[in-house]
Amino acid sequence: MDFLPTQVFYGRRWRPRMPPRPWRPRMPTMQRPDQQARQMQQLIAAVSTLALRQNAAAPQRGKKKQPRRKKPKPQPEKPKKQEQKPKQKKAPKRKPGRRERMCMKIEHDCIFEVKHEGKVTGYACLVGDKVMKPAHVPGVIDNADLARLSYKKSSKYDLECAQIPVAMKSDASKYTHEKPEGHYNWHYGAVQYTGGRFTVPTGVGKPGDSGRPIFDNKGPVVAIVLGGANEGTRTALSVVTWNKDMVTKITPEGTVEWAASTVTAMCLLTNISFPCFQPSCAPCCYEKGPEPTLRMLEENVNSEGYYDLLHAAVYCRNSSRSKRSTANHFNAYKLTRPYVAYCADCGMGHSCHSPAMIENIQADATDGTLKIQFASQIGLTKTDTHDHTKIRYAEGHDIAEAARSTLKVHSSSECTVTGTMGHFILAKCPPGERISVSFVDSKNEHRTCRIAYHHEQRLIGRERFTVRPHHGIELPCTTYQLTTAETSEEIDMHMPPDIPDRTILSQQSGNVKITVNGRTVRYSSSCGSQAVGTTTTDKTINSCTVDKCQAYVTSHTKWQFNSPFVPRRMQAERKGKVHIPFPLINTTCRVPLAPEALVRSGKREATLSLHPIHPTLLSYRTFGAERVFDEQWITAQTEVTIPVPVEGVEYQWGNHKPQRFVVALTTEGKAHGWPHEIIEYYYGLHPTTTIVVVIRVSVVVLLSFAASVYMCVVARTKCLTPYALTPGAVVPVTIGVLCCAPKAHAASFAEGMAYLWDNNQSMFWMELTGPLALLILATCCARSLLSCCKGSFLVAMSIGSAVASAYEHTAIIPNQVGFPYKAHVAREGYSPLTLQMQVIETSLEPTLNLEYITCDYKTKVPSPYVKCCGTAECRTQDKPEYKCAVFTGVYPFMWGGAYCFCDSENTQMSEAYVERADVCKHDHAAAYRAHTASLRAKIKVTYGTVNQTVEAYVNGDHAVTIAGTKFIFGPVSTPWTPFDTKILVYKGELYNQDFPRYGAGQPGRFGDIQSRTLDSRDLYANTGLKLARPAAGNIHVPYTQTPSGFKTWQKDRDSPLNAKAPFGCIIQTNPVRAMNCAVGNIPVSMDIADSAFTRLTDAPVISELTCTVSTCTHSSDFGGIAVLSYKVEKSGRCDIHSHSNVAVLQEVSIETEGRSVIHFSTASASPSFVVSVCSSRATCTAKCEPPKDHVVTYPANHNGVTLPDLSSTAMTWAQHLAGGVGLLIALAVLILVIVTCVTLRR
């Protein structure tokens, strides 16, 4: 974004606040926002109070007390101020801290409120030479000069920017890109910056704070706040900040924009709309009219301002919005009451109607905490007041109290209760198959309910433990927050049904008397004309019996929980809702760290000595195309050997961070020793190849020796046989010597050649050319052998690396992080230039299409509707997997008696549907379709005085300009991606896995519920939900359902791609990408300008350059040290370069001081490479030893090609062997040729 500030032209300086200039249209300081004025007044008052507190004397304290002793009368202004000062002492926590005072001082000039319809929605900030306002904040800046500016909008950074007016530039703050980890300042105090993220304690910051700046400890702005993401005890801030070269936006996952809402929610009552937070109607106070108030809330239950309306109805303050307090979190429960419901097991194996009925248990917290909902209410008294030591429960039609200390929760043993409020209990229980809740009532009787519930300890991390450790590491987890404040979670309430009670009916002389005891009673009978009615006073039904009467206690002044074990009053479901405590939040849990593995390295393997305290998971993966992945739980002390291929391996032990191993080419023997030591050396590196070569050489030597012996034997036979058959024949001297004939007498060589010339000239030439042919043959064999070995050696060492002399240059750099590419660019008239390119980071990002999100579900079962003496009918509702069924022949009973009193048949309408579980916002999986991936690479380019890192998309051609030089990167040689076309993302893990399409989920499988987002209304569900017939006599809604497919997938899922990705890829999920995959090469073309070179006349001049290698360890990262000696005729700085891939130099340039030490890395045992310093060159030759360690934790920065890599000593021995064998064969051939020539001559 080119209009963001990249330089600061105006610094901040201190000066007294001046009055408005006559020509300046800016309003006086008094028109600054009221909030800031109040803050400044509070600051001045707090500082004054602090000064008075430190410097006050005894007479001054006496003066403060004098006005109190006088009679009441109008006080002057001065004593009033003195009376107000002590009030500040009562609330010292309101005094701004040092950080807040500093920010308020700076903010007074550089930030302005943004208002929409008179309401503050955010802030704008003057930074550098720009005014910045978050783009998502509606409204205009509350300043006439700034409001009329023309703003440019950047959707990438969510900012609107404009140039600051000249008259206001002195008010702007500086900014800085330097952000060392630590604490920074903003309006509410300290901001922690660690790991590239800004965080504040949860509860600090809210909607309306968007646009506030974050300052460093000296005053410059380091970031601008846009929003926040709740992460449990901390809130991660979404900010726009500055890096060294660019502006960047940091957006944590789950970020909510902090612009204040501008919409006023409206509610309805009898077709009259009003603001929900400020109702102006008569029945809007619960204390004045409970029943109409509840009905009003039921009619607006789906309104966005429902809770504002509920708050106004409870507090009965219609004139203004009242401030909510922590002490009033229980006040919403004034509208509710506990209840009694059917419990199948009341502690002794029998059923009952219990006030301790367990409605629901949630075990979504990964720290093992259970959230239990039951029928009674904790922390409330029967008079609707708050008392955390009390439990109120339903005792018939009344409400009774019990002591909170008698509450017990049991599993396989007693649980620890950690929090209670309303209907909810937080408890940590040992693993078990049941849960029971009990308390002792006011009559000293135990009220218990028990249900079957399987629960076990959840696994956090990679070690199974039972006790929280004192020392370890913190891992992300979830827990139920111990807060009673309003949350986003809620439960449904409804008007309770009429409760049958036969105890209020009594028989008196043929009449039935109804004793109401101050209640409202609805009655019905089959006697006379007074069949049905409602009464609030005692009533007598004449000429009737109790068996023909039924009485119901009616109470519509309070809600109760919408329980499936209590019938609802009406078929049309009317409900309200209240917030529930203890929301599920993200936090961190301390987990143990197993003792570190002891590593013993071997040849291409590493042995881990493991000493686990708990069952601990060990996993490893190898790099390369053919990956190997394995994991196992280690329960006892053991040793595990893992292979270490050439590409490397990564293992993770328990909760420790992953460790990587790379093979070091170590071996026994010596590359520069005797033949058996050389064979031992190469056998350790390449056993198969060494065995094959040794066998082949041995066979060749043996065959050569056998052939030589055979030729000698044949020659001797041919030359001796004629003389043996001829009596008196004399063997010539030459033949005798060649054939080892005893007593041989032969003519001299000259006589023999003269005889051949006279008698057979053909034989003369044959005998003359034999030795010459043998000499030529030996020479050719030696040359061929030397040429062959030398060619192979040069090919292996890649002699002749890139030296470019053309104007357009091309190169191919490896797509491997940390592996440098270096080239020597030569241009006529200029000193050679060293070019180095190195991949710093790669990111393979696929194009994703979100198919749906899936998670656990919860089954909502509303209270059943029982139609007495009639038939109920189901109605279609637009809810996920909505099921409705009507069952006849039911005879429900409640604690007060039969619910229905008639001769005809009763029916029960049961309903159930599926919703996303509350845990979904913390625990869900996203199903994506992956398409073409883009490969983004960060490449560090160094040449001359240029050292810059650039980003390029190398899956195609991407041009980048670096210091005036145009570089074109890509396309990468090997298009590859680790992602399949269908992928799943779950809690930072990625899985290549197939999944059903949207709307085709199956019960019990992944995707049984599906939605586009976590709060959308397009939820699809197929969980196999079926309603069952209720048991006779009980009010309940039985159903069957397939267990959650998401939970099943969690248990059965395979290892994620994060743990087994090939080529060393690091898988990230926010966004989805594969980092640092070592696959393929990246072609580069460039056009280096002349200005990047140094002319020969300006370059340093050195001569007599020599290179001496002092020490060398091959296959080690820069394990070689060489000393360059030279004479300096003109000093300066010279580029240094190796002209061979055999060795990679660590240094790029050196200062010419006559002697320089350089470091190089090589995989060769006898490297020989040319080093150039400026225009001079020298050859470095070394004899390297193998490294001592078999396995190392870092890759070496050199060419890993080692075959055929023969050391100079091995080459010498090979030449000697070849020369000896060749000489033996040559002698045998020479003897055979001479003998053949002589025999043919005869």
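Cβ atoms are placed via backbone N, Cα and C, with glycine included.
The motif 'Nuclear localization signal' feature in Swiss-Prot is assigned to 59-96. According to Swiss-Prot, the domain 'Peptidase S3' annotation covers 110-258. Taken from Swiss-Prot, the feature N-linked glycosylation site covers Asn271, Asn586, Asn760, Asn947, Asn1076. The S-palmitoyl cysteine feature in Swiss-Prot is assigned to Cys719, Cys739, Cys740, Cys1237.
Mapped onto this structure are the features recorded in Swiss-Prot.
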| residue | record | Cβ contacts under 8 Å, 6 or more apart |
| --- | --- | --- |
| Asn271 | N-linked glycosylation site | none |
| Asn586 | N-linked glycosylation site | Asn230, Glu231, Gly232, Pro476, Cys477, Thr478, His922 |
| Asn947 | N-linked glycosylation site | Lys940, Val941 |
| Asn1076 | N-linked glycosylation site | Val817, Glu841, Thr842, Gly1064, Cys1065, Ile1066 |
Check your understanding: Under a three-state reduction of DSSP output, how is Asn586 (N-linked glycosylation site) classified: helix, strand, or coil?
Key -> strand
Exercise for review: Could you tell me which three-state DSSP class Cys1237 (S-palmitoyl cysteine) falls into?
Suggested key: helix
Revision key, fill the gap. Taking DSSP helix as H, G and I and strand as E and B, the domain 'Peptidase S3' (110-258) has 11 helix, 76 strand, 62 coil
Review point. Any idea what DSSP makes of Asn271 (N-linked glycosylation site), helix, strand or coil?
Key: coil
Study note, to complete from the structure: Whole-number mean pLDDT, the domain 'Peptidase S3' (110-258), equals 86
Practice item. Run through the Cβ atoms and count how many others sit within 10 Å of the one on Cys1237 (S-palmitoyl cysteine). Key: 19
